[in-house]
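Shown next, in structure tokens, is the structure this report addresses.
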Amino acid sequence: MHRLALTAQDNLAVAPMLADLAGRYPDIEDPELIRSAPVLAAKGLPPHLLAFLDDFRLREPSALCVISGLDVDQDRLGPTPEHWRDSQIGSRSLNLEIFFLLCGAALGDVFGWATQQDGRIMHDVLPIKGHEHYELGSNSLQHLSWHTEDSFHPCRGDYVALMCLKNPYEAETMVCDAGDLDWPNLDVDALFEPVFTQMPDNSHLPQNTAESTGDPTKDRLRARSFELIKSWNENPVRRAVLYGDRQNPYMALDPYHMKMDDWSERSLEAFQALCEEIEAKMQDVVLHPGDIAFIDNFRAVHGRRSFRARYDGSDRWLKRLNITRNLRGSRAWRPAPDDRVIY
């Protein structure tokens, strides 16, 4: 794990900037704030924090990077929302969200999905009543199966980032680093073949977002996206599970959303052996309030252990960002060069 602990001096140094930005922008989704984030990060974040993030980005010392020690005032934060739709109405965590955004901007460009949480850039991960046994980040009584974030999509992010605001029962985030796997004893060549069917995960389905954005143009684009999601579910795209350097490969897999019934015997055996190796090397990481985790989405899979939600305002509450190092790579999927939402 690549880890940095913020000091009291670090918190004091960034507090005036965060307060100023929180007073200047209405919410974390403000396009000008998001557009300015890389410049604001370069000017306002402590140099040693920027160097730490740059080291994680370029050297790949680990698939998991954790920044701890960000001050979180629980009284100011207020109760955990009942639903992600309620989370940004008069947000009392805007200063923390801005810090999280700036750290993410030091690694790449943040982006969102039209088919996920109403196209928001910053997501909320919290238990939702009725989702307890649903394969979704808002479940609680069952594990969230380990996966590569958005493994089905060619524009998936380089990093998925999580900022912990609350975690009273210390629910564990599961992470497996590709660097820990015993590649010489796996059938790497078979896993590099583009024969593995991967389907969209449940978070991109239309029932998990609002019926309308209020913008007819965006609604048309989003309807097209949902049709594409439907087509990928009915006719899954075949992709390789591994790519990059065959000696130390990158991964893209989500076993829960992969249809295996027509794979060759070799492909199935290679995939099952990889999954068994991942299970054996999986680590549990408990995020505490003020912890920010950056998971390398090329080099790790992640999930979450089950827990019993309370629905009393004290439940586990994380913020989430998707980050890419190649925003141009998704240009065909976005309405404009500076639009951060993939349709």
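For all residues, glycine too, the Cβ spot is worked out from N, Cα and C.
Among the candidates HIS2, HIS302, the one that Swiss-Prot lists alongside HIS147, GLU149 as binding Fe cation is HIS302. According to its DSSP assignment, GLU149 (Fe cation binding site) is coil. In the three-state DSSP reading, HIS302 (Fe cation binding site) counts as strand.
Taking the centre of the Cβ atoms of HIS147, GLU149, HIS302 as the Fe cation site, the nearby residues of that chain (Cβ within 8 Å, site residues left out) are TRP146, THR148, SER151, VAL160, ASP254, ILE295, ASN297, ALA300, VAL301, GLY303.
Distance from the CA of ARG316 (2-oxoglutarate binding site) to the CA of HIS302 (Fe cation binding site) is 17 Å. If you take the Cα of GLU149 (Fe cation binding site) and the Cα of ARG316 (2-oxoglutarate binding site), they are about 20 angstrom apart, rounded to a whole number.
Separating the Cα atoms of ARG316 (2-oxoglutarate binding site) and HIS147 (Fe cation binding site) is a whole-number distance of 20 Å.
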